[in-house]
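Peer 1: Structure provided below as structure tokens; questions to follow.
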Amino acid sequence: MKIALIAHDRKKQDMIQLTTAYKDILKKHELFATGTTGLKITEATGLPVVRFQSGPLGGDQQIGALIAKNDIDLVIFLRDPLTAQPHEPDVSALIRLSDVYAIPLATNMGTAEILIRSVEEGAFEFRNIVHGRDRDA
């Protein structure tokens, strides 16, 4: 699966903890992230991450473009709900696109853990259908 990882500044440490805790699951998948988040994940875990611009510089939009092409299967976006974000319209657009294309989306640690564990259990087989992959092939 192709998994997007995004975290606002005050949630980056949470993302590090999440990716460290679930490194063995995440290493089996393609990871994508906004700039600083991706760098911090790689530094902390050694996981390879395709990095885009930082969120305020267009990284959220770059990931949104992949969602619009159905090239992302799951999004973990640890948002800071208590701090105004200068790129809030980009954040809203990314969440909207996830809904439009039925991309599983977590915006907090509890849901992120459930989604990652579900990935390991094969709970997102519908994404294989979206991509035209036959799991028995």
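Yeah, the Cβs are placed from backbone N, Cα and C, and that goes for glycine too.
In case it's useful when we look at the structure, here is the feature table from Swiss-Prot:
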| type | residues | note |
| --- | --- | --- |
| ACT_SITE | Asp60 | active site, proton donor/acceptor |
| BINDING | His8, Lys12, Thr34, Gly35, Thr36, Thr37, Ser54, Gly55, His87 | substrate binding site |
| DOMAIN | 1-137 | domain 'MGS-like' |
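Provide an account of the burial state, proximal residues and distances for the features listed.
Peer 2: Just so you know, the Cβ of Asp60 (active site, proton donor/acceptor) picks up 27 other Cβ atoms within 10 Å once every protein chain is counted.
Reduced to three states, the DSSP call for His8 (substrate binding site) is coil. The Cβ of His8 (substrate binding site) lies under 8 Å from the Cβ of Gly55, Leu78, Arg79, Asp80, Thr83, Gln85, each of these being in the same chain and 6 or more residues away along the sequence.
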Peer 1: Please give the average pLDDT for the domain 'MGS-like' (1-137) in this predicted model.
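Peer 2: Taking every residue of the domain 'MGS-like' (1-137) together, the mean pLDDT is 92.
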Peer 1: Summarise the domain 'MGS-like' (1-137) by DSSP state, stating how many residues are helix, strand and coil.
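Peer 2: When I sort the residues of the domain 'MGS-like' (1-137) into the three classes, I find 72 helix, 19 strand, 46 coil.
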